[in-house]
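Participant: Pulled these features from TrEMBL for this protein:
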- 7-296: domain 'Helicase ATP-binding' (DOMAIN)
- 144, 162, 171, 206: [4Fe-4S] cluster binding site (BINDING)
């Protein structure tokens, strides 16, 4: 692996780095060595994450090396290398002359926005030569595997139930944490959240507490960045930041997270539900006391069976505080259209009216926590304690610090300097939330005022991090421009800054500002122009014309959902939508998450279809498509920005943010510079634009065009807000005709210089994949499922109900499921890109959309587009999409026609079954069963699947569906599932012993002999073997049999068999029966060996001849029985039996 030296630090890198990568790593090391903060922007596709990991871990190793050199020098009383003074080892790394110990080596805290992004980072880490001890932190929601806890609907109920089980040691998974946390393989492994859950499930140990245990000895700790920025989460996870290096990746969202993590909205519903919960507790305690034979006036609940360490008077005081708080908030007269705004310190006045102050905040907080925990742990009907939990969080946030009486006022002013209090009427959003809560009483549904406490400076959280004693903070992302305004918001110094260049050349990017459409009308999404028919028509003509010249995939981003919906309605009514649809079928980003995967898969399918001219995907800035998806290569050859996505100007929070910034500017505090409200407003729009246009160039060999379709982009100020790697390429054309001419020429040249691998027709894809079902290098994809996805996703009314265009094909859902079932039946062992079974396919959604779409489905593609592709360039891109390697595999393996027909029959049966189940069940029940399948796939826990499918036994009309479900159960669970069906319905599923064999095990039987009678013998034996040895060792044995069949290497086969069958005495019988796999030329040797092992002659029938192949004896078979026996004996002499 190549290495290079940067600022005295030797960095191992997977390949020779580009100049922009060297520049980036230099800046990272500068931050670490000088203990200063840095803000580093590097475009997507430049290997930012890989550079960040390699530079940081190299510096950390150098830091340890410097300590070692110093300790040796101290021992010797002189420097080891007189010509290489200690200072040259990088004394800046160990803080000059300060004595340093190995325990002082800084931890690396690596934070990103989501766990899926962290999984990509961890995957990237595995591509390096560095192997630090790592740990990834997650919530109970993601890591808990205790089914009783996970069945709870409310997150805080899960928390309290978990804590209760831990305190009483009644969680079997938690009880194993201490033992398993020192497991060497675990400690030295690099695991993401999913890996940790799999390990926990397999070893029956709690992944949540395991991750917290690993954190103590980890060199690198991964976590979502709200864990760092939210003081409550930081405290809950016990995150010690003293001396740590803190890295925020994907930091363009840090500002928003900082503000939201320290803000709250207390609704009437929250307060009322808290009152109801305390009421319930008071009633219960009163009943409990009344059942006692004698009751003292000072009855303490400690003396009762409940275990709640609060007396009734304390509970009553808590209720009074809640009632006073409700009255205080509702006492303010609030205009219906606006709220009232007060300075941040006003929050103390409101809470004081409810008798909440610094003096009693600790007692009230502890009482609320005890009540929440007690109620959450009660059996029976679920009681909503979210209101109590929210009040606990508010007390922690507002009353932070422990000031003395005289310093209290100053502490309160400091705490609230960046906040505003806003009181406003409850609105319809909260009414909807209340109406769906079946547990809420009618009193909790009354209307009142909302108390909002909003933070308007991310600097509040950032300064809090600095106060924790961090070594340095590094913020990095592909879109942080403009850096000056970004850093001014953070309120901490960032001496190190970088706006990195891209790895692409000039001929790979085309950027044009289109100020007017083909008809000469000015394009603008300004408030007074956006819904003008002339403007919408001109924009429609612009998109329709550009769709003709941009090849393959075209992305179109709107400023907001309402604007996109109205524009598309106009285009549909006036023919623009038809023009676009005829060239590039339209796919529209849905508001909800439910159908997003269907839509994006349909888009990928259409782009991959060689019979089409590509597809167009319509989305919104700040939406899912603009933030997290990868549109590499043909999936995003062009990006159209239809306007500037300014925040909603009438939103109270936006108004107050702008007012707050203007106030700070007027105060002109020395040494501090704030953005003006208007500058911030512009910055938000351009940051969203920059994030969207970052979808177009995803790696070194990618190319594409960016079209800025709003006349406001013409101003120099607007262009200055664009990323540095885009700015130099921006061109302003005089007319729309010139744009079409120039971009056509750009794509002609780009396609000649970087030709795309020609795709196969969908029908060919189907034939190819179906005929190579065990060794395909892409997802299974048949034209029927491909068509169904396309039909399902491209219809506009799937995403926007107001856009009625055409009906879905009635069978589309079933066709998609058929593809999934086909994938389940044709398991693939050595190819991770293709779903191994039905459950894998369900987890990935209907991603089977063509050969070339192999691994480009949403964030799944991002996991595998490692920055290592910078090294392997286009060759690796081609391989990831199928290509030559797939053709070779198809040529090597040609399954029989009967096998193909069998697979098609299975797919057809499964398709019909799933379609029938969907028709027979409600949508809720169907979704729950599908969710249970996904969980079953991840955990291999049959219990939950049995629980969810039990609903099918309740009605005689659906009992056949329960039996049909047998086809999807994994082999080792077949017998248990059959017994469960027998118990529930009185009828089994037709279980046979050979059903417990996996496909490979069945194949082993078929390879040895084709006759039915011999198959039965083999099947029985293999079932017994699997039961005795377990899945992993059975696989080892089957592989040895395969190898023996090919090589005739008797010694290797027997060594493996003997080592497996002699660990336990009861398995000796299996060793005797194993003789059925020994060829005639080795039969005598095998019998002699058994005689020696067992101590008595083995009769001939015990060692049957089952392989009757006629072939020449290789030299290995000529080994004398004595030599063979000698080798086996020596093996046994060195092994121990259990």
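Glycine too: its Cβ is placed from the backbone N, Cα and C atoms.
A TrEMBL annotation is a machine prediction, not a hand-curated record.
What you see is a predicted model, and the numbers here were worked out from it, not measured in a lab.
Tell me about the setting of these features in this model.
Facilitator: Under 8 Å, Cβ to Cβ, and six or more positions away along its own chain, residue 162 ([4Fe-4S] cluster binding site) finds 140, 144, 146, 149, 171, 208.
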Participant: Cβ within 8 angstroms of the Cβ centroid of 144, 162, 171, 206: which residues besides those meet this for the [4Fe-4S] cluster site?
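Facilitator: In sequence order, the nearby non-listed residues are 140, 145, 146, 149, 165, 166, 173, 174, 208, 209.
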Participant: Determine the Cβ neighbour count for residue 206 ([4Fe-4S] cluster binding site): the number of other Cβ atoms within 10 Å of its Cβ.
Facilitator: 27
Participant: Do you know which of the binding-site residues 144, 171 has the most other C-beta atoms within 10 angstroms of its C-beta?
Facilitator: 144
